[in-house]
């Protein structure tokens, strides 16, 4: 497998995250809640579940495709570190409610999205 392909996919994922995040966070309401980070993480969880189901469950894609798209594109598209930074920032400014809602929604919906993606990918 080519490390270059993983790197190119990672670069594309990072650019996609930046564009999606900027588009969502630039809408009315701004950064009262980190919707851009939330959206890419939930979408990425769904897509990685789907990709895994298609590779492992159905064998429709080669395992190498899962590595390039999963570790490369989706690994760069989603962002655990930015999510934690958003939580820290909410706590720093004393907005414990926003931090709790962000943590609960991101974790709960992220797990649900991954499960849904797996179910769709496996065909169940």
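Each Cβ is built from the backbone N, Cα and C atoms, and glycine gets one as well.
Listed features, source Swiss-Prot:
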BINDING   75, 78  Na(+) binding site
TRANSMEM  4-24  transmembrane segment
TRANSMEM  36-56  transmembrane segment
TRANSMEM  67-87  transmembrane segment
TRANSMEM  103-123  transmembrane segment
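Other Cβ atoms within 10 Å of the Cβ of residue 78 (Na(+) binding site) number 21 in total over all chains. Other Cβ atoms within 10 Å of the Cβ of residue 75 (Na(+) binding site) number 19 in total over all chains. Comparison of 4-24, 36-56, 67-87 by number of C-beta pairs under 8 angstroms to the transmembrane segment (103-123) places 36-56 first.
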